[in-house]
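Contents: one structure, followed by commentary.
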2 protein chains.
Amino acid sequence: MIEMKSWLPIAAESDFSIYNLPFGIYSQKGGKKHVGIAIGDKVVNLFGLSENQMLDVASAFFAQDYLNDFIRLGKNVTRKVRLDVQRLLCEEDSPLRASPELLIDQSEVQMHLPVRIGDYTDFYSSIEHATNVGVMFRDPEHALLPNWKHIPVGYHGRASSIVVSGVPIHRPMGQVLPKDATEPVFAASSRVDFELEMGYIIGKDTSLGDRVSTAEAEEYIFGKVLFNDWSARDIQKWEYVPLGPFLAKNFGSSVSPWVVTMEALEPFRVAGPKQETKVLPYLEATGDRNFDIQLEVAISPEGSEEQVVSRSNFKHMYWNMAQQLAHHTVNGCDVHVGDMMASGTISGPTPDAYGSMLELAWAGTKPLEMRDGTVRRFIEDGDTVTMRGYADKDGVRVGFGEVSAQVLPAKVY
Amino acid sequence: MIEMKSWLPIAAESDFSIYNLPFGIYSQKGGKKHVGIAIGDKVVNLFGLSENQMLDVASAFFAQDYLNDFIRLGKNVTRKVRLDVQRLLCEEDSPLRASPELLIDQSEVQMHLPVRIGDYTDFYSSIEHATNVGVMFRDPEHALLPNWKHIPVGYHGRASSIVVSGVPIHRPMGQVLPKDATEPVFAASSRVDFELEMGYIIGKDTSLGDRVSTAEAEEYIFGKVLFNDWSARDIQKWEYVPLGPFLAKNFGSSVSPWVVTMEALEPFRVAGPKQETKVLPYLEATGDRNFDIQLEVAISPEGSEEQVVSRSNFKHMYWNMAQQLAHHTVNGCDVHVGDMMASGTISGPTPDAYGSMLELAWAGTKPLEMRDGTVRRFIEDGDTVTMRGYADKDGVRVGFGEVSAQVLPAKVY
C-alpha cells in the first residue's frame, strides 16, 4: 500500500483515516441533506467542493437525501471522487486546505440513513451462528439443516423499518406463547436481542431475468455498513414456522451512517473458511473473498458504563458476499442501487465471539454480568447496544464508526 | 346504490363501469407516463382534465410514473377526483363530453406498474389453502399449524420483481433436490406454479412505532389489484426451512394495472368466515370486512384456447385486510404509500376453487386436461396464465380486468 499523509491532523486510532473516506448523508442544523465523506473528526462537504470546481461531478449529485443517485453514476465516477478527495486532503498546496469551511466538525452534523433502500435481504451465512441455533433449538447431532452447506440461505426483510444509528427502538408488542401454554398472549417481548451483522449496499442495477456471477458480483457492491438486526426471540419462536421471521424482525433494524467502499476494504481481503461440502458451480468463487474486519458489541445499561459482550470478525463468514449475490440472482431476481444485503449474525468460533444475546447467554442459561452488577439474558429497557467495526493492517486503519441504539419501553396503547 | 348512467357507451359486461373508475398509469406510443382512470374501453386522461380546469388537483400530480404522489394527497382528495370524473362522465352537458380527445382507447395505451412499491408483504390467509398444503406436505390430522388461527401469518417478499400484467416471466433456474437424493442439483424448475391472490395498496404512511387498529385499517388502504404470486415449488421445498420462501418466489410476481379503490368495492362487503378460535383483542374486527369478488384463473397453452382451471372468491379469506394490517403494525412496523400487501393464495372450499396448480392437480397426482388435449401438473413453457376478478350485485359490476403473463423457457447461460 502506498503510504499517504494528510495535511489535516487525523488521530492514529481514527476509523476515518486517509485510506478510508466513506460516503454518508449529513445535515447541519436546519440545513438540507448533503453527501459527505468522513475524514478524522471532520466531514468533507462534497457539494461545496463541487461548487468550487474541486470535483468534476455536478454539485446536484451531492445535494441529495440519499446516496442512490450518486452511486448510480457508477464505480468509475464514485472511485474517482474518492481518489480526488484523497488527493485534495494530501497535497500540501491543495485548494481544500485553503477552504477550511468545507471541512465540518462531525460533532456539528446529524447523520442520516445513507441510502433509500429498495429491498432488504438478510442472509444466514455464519456457520457458527447457524450451528449454535441448531444446537439450542433442534438437535445437537444435526445442528445444521441439510440445505445449509449448499445454499447461502437468505430471506426477505422489511426495508421501511431500517433506521440510522441513534434512532431509538421501542420494545415490540406481539404474540408470544407462554411456556407450556397452547394459546398465545399479547405482551411486550421479553426476549429482545441484537444481531451483529454487516450489510452491503448494491451499487449497480440488474434487470428481471439477469444473473450476476460470483466473478462479477463485487462490481455490483458499492460498500458496507454495520447492521444490527434487532430481533424478538419470543415473537419469532411463535410466528416463524412455516414462512420465516416477520414481526420478530421488522420492528427496527439499525445501520451505521458511513458506507465504507469496497475500494477501501481491498487491503483487508482474506480467504474464507474452507467449504468442504462441494458447492454447485454457480456458487464457486475463486480468490480471497472474505474481509478481515474486527467487530465488537457493547451494552450500556442506562446511566452505566458500557460492557463489551462480544468480539467477532467478519472473516468468519462461511458464505461470502459474491456467493450471496450470485445465489440471490441465479433465478433472475433483479437487484437495484440502494438494496441492502445483510450477512446474518456474525458469530465467531469461541463463546466470547458470538453475535447475539441468544448465543452469548445461551438461551438465558448463562446470563452476562454488566459493570453495574446487573445481569443480562436479553436486552432490557434503557440499554444502549453499540456495534463497532474496523480493519487494521500494517498501520492502516479503515473503520466503520459505530451503530448504536437505545431500546425504549414498549408503547402501550 | 344510486343508479348512474354515463353518456359514454359502456358495455354491460365491462369491468370498468361508471361505478368503478379505477386508477392506473398509462402511456401512449412514445409518450410519458400519466395517471388515468379506466371507463369502459377508454382511459380518462386526468392530466388533460386538470389542464382544462375540469379537476381541482394540479396537473403535475397526473404527470407521474407512479400513483404514489397522487395517493399521498389523501383519501379526501383521491375520492373527490373519482367522484368528479364520475360526474363528468354522467352529466349530459359535461365539458368532458365536449373534449373526446381526453378519452383514449385502451387499445392505444400501454399500462405500467401502478405504484412504486416500497415493501411487499405476502400473507397466507386462506384457511382452505393452508389446510390443503398441510394435508399434502405435513399431517392430514393436523393440517393447520398451531399458530395459524391466532396469527394472520405473513412474510416479506421481494418488491423489485413485481411486474405489471403482460410482462413475461422466465422459468427460474435454481437448486432442487431430486427425489431420494441427498445432494441438490442445479436445474430449471419443473414445478412452476401460479398463486391466485389479491393485493392491496397502502394509501397512508405511518411512522416507526405507530400501530394501526382494525378500526382504522381501511383508511390506510387505497385499493386493490389482482396478484399472481408465481412460485417454483421444487426450489421452495429445498430452500424454505427454516427462514421461508426466497428464490422460489422472487423471480417475478404479476399484478393487474388498474387499482380498484376501496370506495368502488364498498357495495360488495360481506361477512367473512366465522373465526371460531377467539382472536386476541388487537385482531378483533367488527362489521363486514370481506368482499364478494369472483375470481378465475385460465391457462392458455401456446397457440391454443384458454381453459378456466379455477373459480374462487375473495370472500373466502379467513383473515381480512383489517386484521392483516393491524397485525403487521402491532409491533410498530411502519407502512408507506405504495406498499403492497398480498392475500396469499385464495382457495375456495371445493376442488374447482383451489388457487394454485399445487392444489388443483394435488401435487401432480390429478393432472388437469387442457383444450388441446395436453395435461398440466404445473405450468409449462409457453403457457399464459390469466387471472380475472369482478364484483357484481344488483346489476352493478366493478371489475379488475386481468393479470396475465406468459411463462418463457429458462434462460440458460
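Backbone N, Cα and C define each Cβ position, glycine as well.
No curator has checked TrEMBL annotations; they are predicted automatically.
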TODO: Name the residue, out of B:ASP93, B:ASP229, B:ASP234, that TrEMBL lists for the same Ca(2+) site as B:ASP122, B:GLU195, B:GLU197, please.
DONE: B:ASP229
Task: Per-region confidence, the domain 'Fumarylacetoacetase-like C-terminal' (B:121-407) (mean pLDDT, whole number) - done: 97
Task: Neighbours of B:GLU195 (Ca(2+) binding site) among the binding-site residues B:TYR124, B:ARG138, B:GLN236, B:TYR240, B:THR345 (Cα to Cα, within 10 Å) - done: B:THR345
TODO: Please report the number of other Cβ atoms within 10 Å of the Cβ of B:GLU195 (Ca(2+) binding site).
DONE: 26
TODO: Measure from the CA atom of B:TYR240 (substrate binding site) to the CA atom of B:LYS249 (Mg(2+) binding site) and give the result in Å, rounded to a whole number.
DONE: 10
- [ ] Give the helix, strand or coil assignment DSSP yields for B:HIS129 (active site, proton acceptor).
- [x] helix
Task: Cβ under 8 Å to chain A, applied to recorded positions B:HIS129, B:GLU197, B:ASP229, B:THR345 - done: none
- [ ] Cα within 10 Å of B:GLU197 (Ca(2+) binding site) is the criterion; apply it to the recorded positions B:HIS129, B:GLN236, B:TYR240, B:THR345 and give the hits in sequence order.
- [x] B:THR345
- [ ] Please work out the helix, strand and coil residue numbers for the domain 'Fumarylacetoacetase N-terminal' (B:20-114) from the DSSP assignment.
- [x] 36 helix, 23 strand, 36 coil
TODO: Determine, to the nearest whole angstrom, how far the Cα atom of B:SER253 (Mg(2+) binding site) is from the Cα atom of B:TYR240 (substrate binding site).
DONE: 18
